[in-house]
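Novice: As listed in Swiss-Prot for this protein:
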- 53-216: domain 'SIS' (DOMAIN)
- Glu81: active site, proton donor (ACT_SITE)
- Glu112: active site (ACT_SITE)
Amino acid sequence: MEHLTTESRNTQTMHLDEMSILEALKTINKEDQLVAKAIEPILPQLNRVIEQTITRFRDGGRLIYIGAGTSGRLGVLDAAECVPTFNTHPNEVIGLIAGGQQAMTEAIEGAEDNYEMGMTDLKAIHLNEKDVVIGISASGRTPYVKGALTYANEISALTVALSCNTNSDISTVASHALEVNVGPEVLAGSTRLKSGTAQKLVLNMISTMTMIGVGKVYDNLMVDLKATNHKLEQRSIHIIEEICGLTFEEAQELYIKADNDIKIAIVMNLCNTTKSDAQSRLINNNDIVKKAIQS
């Protein structure tokens, strides 16, 4: 463990406990600013991962995050957000954490060290060769994640290792390695800090770009969001208003006519067509609004 960057002591915070609160905050903030830059070198690899994820997603595959502790929680968080943001089915983007749901709020002793459980959890969701499995581990050596990636390889799923150390163990068992070297943590070994931030940013990129690739975004607007509350319903109407150049009242009326489906509403308006025709256009164009409009 001592050779891992994530376990090393940060020379900028050797006397962290002696700093004033403001001095410590400035130091933490300065370290946090290194995170986005640390992601830049892996963008070409990330591009390849996302291209393949889009292809598999279109073919009925799923995006599956798996990790332990903070890493697992971040995967569960990103997966959960895809449902309201992009109207995905809960089974399309899945977050798995060592120790199960209970591990979201408390530490489960020994869970991350269980190699076989990583395999078992993937078997439980009936992993198949169309799926993409992203193993998340700041240290890059978590047995639970390594077991999951090993099993995923056996059934020909696409495997990706996301870690915050170079030449990590999990990188050796994945088709693609995403290694974000953020340097030693402000608090030695506390990977919920810079490492967690880096993982969150990378997962955001993967899910966002995948959803753009399968047609869930128009320009920079979420045209496939699921309006599960009043705020999101209002946002849906405003999106129609913005794209179609309508008043709020007109957009609201159109939204209702389209059975609360933003995409159908947009195609109906911009193509001056019926709901049925708008649906057909979308089906024939992989659910991509701009292509449906041009068809």
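From the backbone N, Cα and C atoms, a Cβ is placed for every residue, glycine too.
I'm curious about the neighbourhood of these features; can you describe it?
Specialist: Taken residue by residue with DSSP, Glu81 (active site, proton donor) is part of a helix. Counting only same-chain residues at least 6 apart in sequence, those with a Cβ under 8 Å from the Cβ of Glu81 (active site, proton donor) are Ser207.
A simple way to gauge crowding: the CB of Glu112 (active site) has 26 other CB atoms within 10 angstroms, across all the protein chains here.
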